[in-house]
Amino acid sequence: LVLELNQVITPTYGTVPDQQNLHTPEWVDFDYKPDSLFFSDGQRRIDFVLVYEDESKKVTHKRSDHKKQKRKRQVYESNLINNGLQLEATRSVLDEKLIFVKVHAPWEVLCTYAEVMHIKLPLQHNDLKTRNSAFNWCSRLFRVDENIIKPEQEFFTAPFQKEHLSNFYIHNKDTFFNPATRSRIVHFILARVEYATKNNVKKFGINKLLDTGIYKAAFPLHDCNFRHLSTDPNCPSERYLLYREWAHPRNIFKLQPLDFIRKYYGEKIGIYFAWLGFYTNMLTVAAVVGVGCFLYGCLTKDNCTWSQEVCDPNIGGNIIMCPQCDKACTYWNLNITCESSKKLCIFDSFGTLVFAVFMGIWVTFFLEFWKRRQAELEYEWDTVEYLEQEEHVRPEYEAQCTHVVMNEITQQEEHVPYTACGKCIRMTFCTSAILFWILLIIASVIGIIVYRLSVFLVFSATLSQHISETEAIRKYLTPQTATSVTASLINFVVIMILNSIYEKVAILITDFELPRTQTDYENSLTTKMFLFQFVNYYSSCFYIAFFKGKFVGHPGNPVYWLGKYRNEECDPGGCLLELTTQLAIIVGGKAVWNNIQEVLLPLVKNLIRRSSAAARSEKVVPRWEEDYHLQPIGKLGLFYEYLEMVIQFGFVTLFVASFPLAPLLALMNNMLEIRLDAWKLTTQFRRMVPQKAQDIGAWQPILQGIAILAVVTNAMITAFTSDMIPRLVYYWSFSVPPYGSHSSHTMKGYINSTLSVFNISDFKNASKPFSPWFGDLSTCRQVYRDLRYPPGHQQQYEHNIYYWHVIAAKLAFIIVMEHVIYFVKFIISYVIPDVSEKTKSKVKREKYLTQKLLHENDLKVGKKNVGKIPDKINKGEDSTFRPKAE
């Protein structure tokens, strides 16, 4: 690759020409054709646009800086022309300070760099017969009308080679390289052309010129206005068609025109929308099953025996509960938790267990079928061998290559940006920075926990006094509910603040790390960002699910945080309802916040920019100036959209045992998300530089890791957070003799047998409540199901036999559930191949044609040349083969 680049770029790459030798763009006036995509001659297509501010029009005192900037820009543009590109400059219609430099790549330049970049181009039509799927008749109802967006023709392709030009399918030179490919080639050149040399270090690339403000923008053009067709009859108006048939809200139930998206925006954008659409379609099945389990819980909640006992004034009304905090809290009746126990019956039911097992299997089907779909797209979009052939070194990496090392394989010298010692220092620094920020998140979570502990004390002491007269409010607004909701809201705000800070930190760390290729850069940043987001979003949920209420001691001997704050207790029904509340607030709040941010921010920014151009409505504005006033897409492209969806995937799978409606909320959000992302790209943002992508990158192993972890978390939530296992143990073992008194298996008496008894005389002075004891009873019940021997027993306040049965059942359940699901996952992964037979046949056919058309022709030519050598020797035509004279 280095040799290929040197052959193309070396003649002008290392030279900075004198002022008199600088080549300059052609200057032309706007021809008042607003939809034109060509130079003023109407023949040469505009492949890229560079925008800068005329230094002579700037009102500032730093003229020396302006001269330097102008010099760098002039050298850069001259080197672009030396590399074969053609430039044409036009002054802005709305702002005379702005200059638009239009870039065109001629045929020879396109062919040269297509070979350097190993771009795959058509050889011949795909002659393999395609079988129609049995579901085609159904999917046809949701497809885009083929009369509006015509299906792309299928070709067999091969990496382009100029010497085999005649073997490629060239119907028209002007359309052989489509606009997306042309823009990608031009951007490749723009990113590698030099503009200055300082201390023997070459400075090059459009990215650095943009960062230093020498250019204000660089982008390929949209082909038309999204609101109407282009006035140019030769323009296909693809942007308009994308908006009408893809981005418009009325298409929310239609399938996406993925081939058309890929053709216009490139493979990287196409693979994102393909993955998002596939994920959304798979969520439909999960959402239907989740709603079914939720409805099952709603229908069976009235038959929930333990909830009926809590609400019964003769059972729950006569059970006096111990205070939940020291001194300030008072005794209370169990039946005030009646409403929360009814809600808990909806989520803590047998249907939720079935759904947790189903989701463990669903996520395997999702990942395996996505691999198959991804393999199909890799072939159809010519990215099968992309990483091996086309991945190029980042310009930022090349610019720092000042150290010389010996390559162990080639035994030749090569330039690298750092030595082995320097790499170790960089990695140590980056790892330390990441750990520091993760510890900062954990510290914020601990802060939220301390808030929970302290504010619960306040709510317990004051809330009942302020709402004692309003019974309807008192039933719902308990101290536990108030603490849970306010803590969840504060946690959500903290999450958003830390996100905005860490995004910038992660980019700085990755830039310092200096990855070699763009794929390496994105994978490194992806790992850092997800690691942070994982801790940031999920830590509070993990705390509620697996730690809250698990280490609290008992009323006579409570456990304290930091020696001061008494540890939190769960409701009598467990922490499952609180976990559901936490998930609903974070998932719902995150979806609403992200969608508002994604829609309003670019819309408001564009409105401000348009309103600042007061003469906009009075003058005819060219296509390049219209696009300039749109928002830039940013260096990371769709990275944040991927991150948002993967975090959502974690919520849908990791904690689904506590919130079966999560897939439904995710489905509704994603149906809207697809159209919002499409609307942003087609209406609010400049056209992205088309980029290749073989797959979804580092997100694939992250999804697989979440899928494996989800089995464990859901098994542990079912076992330790929900109350299902204790209820099953009671039903089958402790409701009947020898432990129970009922003649048959029943849930009656469950509440009375699971709430441990505590003698109020055993309270320590530090935790004895101020409020007087009402009634003549001498005992109270523990809030949580701690299953301890009663006072007066020889092992009082120690765990009883019921507790050890429950622990054994929980551990057995986790082992069985995990092994069953993992076994099923293994079978599914084995049965479903990653690449379908149809795709394998296409790949083999394409390799055969490439071998036949390109390589065998070379072999025939070589054989002919070899056959002529003996004839030349016999005739004595070639002195090279004559014997030496003695």
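Placement of Cβ uses the backbone N, Cα and C atoms for every residue, glycine included.
Automated prediction, rather than curation, is the source of TrEMBL annotations.
Among the features that TrEMBL reports, compositional bias 'Basic and acidic residues' is placed at 869-886.
Among the features that TrEMBL reports, domain 'Anoctamin dimerisation' is placed at 38-258.
Under the heading domain 'Anoctamin transmembrane', TrEMBL lists 261-846.
If you look up TrEMBL, you'll see 866-886 marked as region 'Disordered'.
What TrEMBL lists as transmembrane segment is 272-297 (among others).
Look at TrEMBL and you will find 350-370 (among others) tagged as transmembrane segment.
Taken from TrEMBL, the feature transmembrane segment covers 434-461 (among others). Cβ atoms under 8 Å from those of the transmembrane segment (434-461) belong to residues 323-326, 328-330, 479-480, 482-483, 486-487, 490-491, 494, 498, 502, 505, 509, 528, 531-532, 535-536, 539-540, 543, 561-562, 565-568 of the same chain, restricted to positions at least 6 beyond its ends.
Residues or ranges marked as transmembrane segment in TrEMBL: 481-502 (among others).
Within its own chain, the transmembrane segment (529-547) has Cβ neighbours under 8 Å at 434, 437-438, 441-442, 445, 448-449, 488, 491, 495, 498-499, 502-503, 506, 575, 578-579, 582-583, 586, 590, 639, 643, 646-647, 650-651, 654-655, 658, 702, 713, 716-717, 720-721, counting only residues six or more beyond its boundaries. Residues or ranges marked as transmembrane segment by TrEMBL: 529-547 (among others).
If you look up TrEMBL, you'll see 645-667 (among others) marked as transmembrane segment.
Under the heading transmembrane segment, TrEMBL lists 696-720 (among others). Outside the transmembrane segment (696-720), and at least 6 residues removed from its termini, the chain residues within Cβ reach (under 8 Å) are 271-272, 275, 352-353, 356, 359-360, 363-364, 367, 374, 519, 522-523, 526-527, 530, 545-546, 550, 576, 579, 642, 646, 649-650, 653-658, 810-811, 813-814, 817-818, 821-822, 825.
Listed as Cβ neighbours of the transmembrane segment (801-824) (distance under 8 Å, sequence separation of 6 or more from its ends, same chain) are residues 357, 360-361, 364, 711-712, 715-716, 718-720, 725-726, 728-730, 733-734, 739, 753-754, 786-788. Taken from TrEMBL, the feature transmembrane segment applies to 801-824 (among others).
For the domain 'Anoctamin dimerisation' (38-258), the model's average pLDDT works out to 85.
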